[in-house]
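Feature annotations, courtesy of TrEMBL:
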| type | residues | note |
| --- | --- | --- |
| DISULFID | 205-226 | disulfide bond |
| DISULFID | 304-325 | disulfide bond |
| DOMAIN | 37-153 | domain 'Ig-like' |
| DOMAIN | 159-254 | domain 'Link' |
| DOMAIN | 259-351 | domain 'Link' |
| SIGNAL | 1-15 | signal peptide |
């Protein structure tokens, strides 16, 4: 009996507040409900595939573990979608909904909404997908003191290609690399995109920036100048470098396009300026590097004629290797950056659809 009384006294002393501590202005009581309705958020698919210009639904539903209803009815449901970044302390706001209130953010404005096919459906609909939409998204559902999250990855069908400017190899800092990709109708590639490209056979010995700030390169055929011939194939990692001072090439990613890519049939070969004007006269613009890679990889475009592109380079796409036209492999062949005023070539044009 004495032992029981002693334990009760200890419990009472432990529960009492400390009046001498002036920093504790309010006492906080937390109620733990072990058998109550616990909120669960579930993504039916962890990965969703789409393409630029398409529409997609990122799945997300919420339940209570101990009830069949979607919500308890006591609190309003708040749904928040964010995009995760490589910096785990930062997230990009995408969409928030609570009751009748809806708000979208940044480049997602006017392109996102909730599907709401049922009262527990928090799935996010994204229309007119952009290259920048690629990545991981977090669905967070909050009801009162309860909340839970699920993560969905949006993958885009596309192609990764290495890029260096007219200045030559290793001349881009990270910010210049980002701009270079955008100028060529693409975005800087992620590690996952480069890894998938390596698995599909991409082999490139020059190191390039990736979207997380790392510098890497894919090797399928080990050889002496590229890490050594006795090393195993893989994506080689140089690590993270100073984004302002360090200079490398870049790996860009592009997807399909809403337009027509074509080689312009012209009676004569052209200088660069003449090529630009010829495309304009035909109702188009001179094509970008990302567009020739997308046409080659995604549409199987094949042409043995070298032609000017917007960055001043000359290339041609081969999908069916043959004699005198990339006999060993399918590839976008790079001729170089010829003298714009004196060298004569054909031209590749691009006409966007409205």
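Including glycine, each Cβ sits where the backbone N, Cα and C put it.
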*Taking DSSP states H, G and I as helix and E and B as strand, how many residues of the domain 'Link' (259-351) are helix, strand and coil?*
21 helix, 30 strand, 42 coil
_As a test of the contact definition, list every same-chain residue at least 6 positions from residue 205 (disulfide bond) whose Cβ is closer than 8 Å to its Cβ._
217, 219, 223, 225, 226
*So what's the mean pLDDT when you look at the domain 'Link' (159-254)?*
95
_Taking the Cβ of each of the disulfide-bonded residues and counting other Cβ atoms inside 10 Å, which one has the highest number: 226, 304, 325?_
226
